[in-house]
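S.K.: As annotated in TrEMBL:
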type     : residues  : note
TRANSMEM : B:12-34   : transmembrane segment
TRANSMEM : B:54-73   : transmembrane segment
TRANSMEM : B:80-108  : transmembrane segment
TRANSMEM : B:173-195 : transmembrane segment
TRANSMEM : B:215-237 : transmembrane segment
TRANSMEM : B:249-267 : transmembrane segment
TRANSMEM : B:274-295 : transmembrane segment
TRANSMEM : B:301-319 : transmembrane segment
C-alpha cells in the first residue's frame, strides 16, 4: 500500500470497526434505512466538507462556511417570500452570490497576503451579519416546488430512502473527486498545499488557484445552504452555527493533513459518516448523552493529528516504507 | 515604521480614538449613555456595563496576547471557559466551598493550558491545529461535568465574583483590571515579555542564545488557560450557573480580535497588553451600544466584520508596500500602532 | 584580470558558446555581489562553478535564470541576447535549473511533478493514463524505471534529483544548471546522477555544475570557473589543473607568493580547560578528540560542507553528540541542548546571522542582553539601567555603528549585526566562544576589528574556536589549526607548522605541495 493512502485507510478501518461495533449492539443499524438517514441527515455537512477539503488541502482554512449556509437559507426564504421568483432562479442567484463571496475572500488572502484564518473570520462575521440584516426570525419556506423536491427519493432495497439531498451530496463528492484528481486545477490545489514557493517556481498560477479554491468553497457552502433549507424547510440566521468546525473535523478524520498538501475527498465522506455514525449510535443507545459526540470527535481528531505527525516524522527520518531507492 | 516608545500616549492613539468615537457616537444617539449612578451600593450605567460585560473577553485577551506574541494562537479558550465554569459549579454544589471551587477551576484551566502547550512545544503540532482539539472536545467535557443541564448554584461567595460589588465597583471589573495589571507587571517587570517576543520573532535564534523556548511556550499556554479559567468562573458566577453549551461560545474569536485591534500582529513578536485591553473595550462598547440601540445583538457581527476588514487593510504588508510613498507623506504616527514593521 | 568583451571574444575558441555571460554585474545594498564577471558555457560541456560561500556563485546563477535583474552586462544564448525576467522565462528560453533542495512537490506523484501545468487532457479531464505512460517513457530515457504513480516524496533524494533534471530538461532543453545536486547523496547515488549528467552531455546540453566536493568536480567537469568575492578568479580546463592549485584559487592564495610566518609560533601552554574525547554525531561529524587550553584560539579550516560547522554545532549541543564525552577541567559535563552549553559558559556566533542569530524586530539593546538574560533566568530581569550600560559598553567597545541602541537590529548592516551577536555572548563572559565565519560578508574595516578582538579575548584568558574560510586570517590568530575534510578531523597544525600553504595542503588532501605541482 502507498504511504499516502495510510490515513485514508485508517479512516476506512475506523468506520468499518465502528459500524461493526454498532451492529453487534444494535443489529438494526445495518439497514439501508439507517444508511439512507445517515446520508440525508449529513447531506449539508458533507457538501460543505467537500469545499473545506479543497481549502485545507491547499494549506488554507475557511471559517465562513457555517455563516454562509445560514445566509443562503435566509436569502432563499426571504426571496421566495417577497418576490415571485422561482426557487431554481433563486438557487442560481444565491450560488452566484456565495461563489463571489468566496472568490472575494480568496482575492483578499492572495493579494493582501493576509492569513486565511483572519480573512475568513471576517467573512464568517460578515455573512452571519448579512443574514441578520435580511431577517432575524426563522422564515418558513412553503413554496410547492420545495415539497416536490423533498418528495423525490429512490427506494433502496430494504426500504431505505435515498433522498434528493442525500443524492446531491453523493454527486458532489463524486464531482469533487473528479476535480481533485482529474483536473489541472485539482493538481494545482495539491501543489499549493505542498509548498507555495515551490508551486510558483513550477509555474502554478497561484492567484487564480487561490481565488478558485475559495470560490469553490463558497459555492459548495451555498449548495450546502440550499440543501439545508430543503432539509429544514426554513431559513434562519442562527442556524448552522459551528458547521465549519464539524466540517474541519470531518476533513481531518477523513485523513486530510491539516497542514495541507495531502488528502482525499472520499476520505472526507467517510469522516462525515463516522461523525454521523457516532450520533446515530447515541440515538440508538438512548442512555448515552449527546456530549459524547464532541468528546469522541475530539479524541478522533487527536488520533489523526498524531498519526499524521508520526507519519511525517517517520518519513523525514527515512524510516518505514517512505524512503526508497529504485 | 519604527516604534518609538518615548510617547506612550501617542502609541495607543488609534485605539483610544476609536473607543472615544464609538462612545461619543452612542452618547450622541442615546442621551444618558455616559451617566453613572450609584444604587444599592453599586455603580450603574452604560460605561460600567461595558467594563463589566467586557470582563471575559478582556481576561481571555490577556492570555491570547501572550500566545499570539509567540507566533501561536489558542482556539480553545472559549471551551476552557465552559469547562472551568462547569468545574466551579460542580465543586460548589457538592462541597459548598467557593474557595475550593475557584481553586479547582483555576487548576483545571492550568491543566488545559498544559495540554495545549505540550502539543505545541513538545509534539511540535501547529498551534491552530493543536488547540482545535480542545476547542471541539472541550464543550463536550464541560457538558459531561454538568451532565447536560445548566448546573445552578446559590453559594453567595461564588456569586459575588460574578455579580457582587466591592467599594461600589462590580467585582468582574476589579478582577480583570487586577489580572491585566498583574500580567503587565509579570511580563514587563521580569524578563518574560522580552523572552516571549524573542521566541515569537525567531524561535531558533532564541534557543541558540540559551532561551528555554519549550518551557516558556508551555508556560504561555498555561497562562492562557488560567485566564480562561478566571473568565469561565466569572461567567458562571454571573448567571449563577454553568451553561456548558453557551459559556464562552465564540469568545476565542473576540479575544483574537481584541488582540489584533490592540496592535499585536498575528505574526508574533512585539505585543501590547494595554492595547489588547483597549481592543476588548472597543469590542464591548460596540456590543453594548448595539444592545442599547434596540437592534438584535447579532447585528454587531457586521460591525465586527467591518472592523476586521479595516484592520486587514491597515496591516496588509502587500497593500502597505503599494501605498508606501503616499503613506510617508501622510505622517506615520497614525498607522504605526496597528502595523508591525 | 577583467577582460573587455572584445578582447574576450578574440580569445574564444572557434566553437560558439551556447550561453555567454558578458561582464555580469550585480549590486546589493552595501555590497557588490558580482563584479563584471564573464562566463562561457559550450554545448556538450560540463562546466563547474566553484567558490566559497559569498563568492557569488548563487548570485551568478540567479542572474542567469532570471531571479535577479542584471545591474550591468548581458547574457547571450545561442548568440542572441536574452533578459530573463523569471525562472519561468529562463526556462522558456531553454535554461533549466535543479537545486539542492529539490524544487518539486513531494506530495504529488512523480508523473504529476513531471507534467504539472501541462497535463494531457481529454474532454477537459486529465488523461492520467497517458500522463503516467509519458512519464514512464520520459524517465526510461534516464534508465529510471520506477512507479510514476507513487508520491515523489517516497523516493530517495537521488531519484528526486534525477526526476527534477528530467523535468528541467524536458521543459528547457539547452542549458541545465545543477546547484549543489550531490550535497545530500551517498557515493552510489552520486554515480547514478553522474550517469545522467554524462548522458545529457552526450545529447549536447550545456551543463553548469556547482559543488563543493572537489573529487566530484574533477570527475565530472570539463571546465572549471572559480569565483571569489564576486570576481572571477579564472576559467581553465579541468584536465591538467592540480587540486592544490584549485584550492589556492578558491581560497585566494597565489602559489607564487612567499609563505608568511606569523606571530603564534609558540604554542599555547596554558592549562587544558575543555577536553572532548571521541565526540561526534552520526551523519554530521565523525568522533574527534579535542583539547582546548585557557586563552587558546583554535582555528578550524576546511571547505564548505567538510564538517566544520557540524563540529561547532555538536560542541554547542545544537545537534547533540551521540558518542564520546565532554570534560570541563576534570568534571564530565553533558551538552544535550544549547542552553546546557550556555550554562557551562559556552557561546556560539552562528554563520547564518539572519536565521540563527538576530531577533530582527527586537532592539540592539535587547539583542545584546538576550543571552545574559536567558542565563540569569526570566525571574531575574536585568535592570534597564544595567541593560543600557551593557549595550552602550559593547556598542562602544565593538564600534557598532548605530544612532540609537533602541533601533531594531534588523536595520543594521551585516557587519554591525555580527558585532552585536558577538556582544550578546561577550556580555555573558563566556569561558569558551565559538565563532562560525565571523568575518563573512562584512567590510574590510570590520574584518580587522574582529581579528584584533579575537586576539584580545585570548589574552584575557578566553578559549576560542574559530571557523573561517579566510585562511590568511586564520593563520594570524590561531594557536592551532584543525583541518576538516569529509566530516572528519584530518590534520592538526601547531606553532611553526601553521602556514597558509600547509593548511591548503591539508585541505586539498595532505599531499605535499611539491608533489602535486610536479604532476
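Placement of Cβ uses the backbone N, Cα and C atoms for every residue, glycine included.
Just so you know, TrEMBL annotations are computer predictions that nobody has curated.
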S.K.: So, does the transmembrane segment (B:215-237) come close enough to the transmembrane segment (B:80-108) to give 3+ Cβ pairs below 8 Å, pairs being at least 6 apart in sequence?
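M.R.: Taking Cβ pairs at least 6 residues apart, the transmembrane segment (B:215-237) and the transmembrane segment (B:80-108) are in contact, with 3 or more under 8 Å.
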S.K.: Below 8 Å between Cβ atoms, which of the listed ranges B:12-34, B:54-73, B:173-195, B:215-237, B:274-295 makes the most pairs with the transmembrane segment (B:249-267)?
M.R.: B:54-73
S.K.: If I count Cβ-Cβ pairs under 8 A between the transmembrane segment (B:274-295) and each of B:12-34, B:54-73, B:173-195, which range comes out on top?
M.R.: B:12-34
S.K.: Who are the long-range neighbours of the transmembrane segment (B:54-73) in its own chain, taking Cβ under 8 Å and residues 6 or more past its ends?
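M.R.: Answer is 81, 113, 120, 127-128, 131, 172-173, 175-176, 179-180, 183, 187, 196-197, 199-200, 203, 216-217, 220-221, 223-228, 230-232, 234-235, 248, 251-252, 254-256, 258-259, 262, 264-273, 276-277, 279-281, 283-284.
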S.K.: Below 8 angstroms Cβ to Cβ, which residues of this chain, lying six or more residues outside the transmembrane segment (B:173-195), approach it?
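M.R.: Here the qualifying positions are 48, 51-52, 54-55, 58-59, 62, 66, 161, 166, 206, 211, 216, 223, 227, 230, 234, 271, 273-274, 277.
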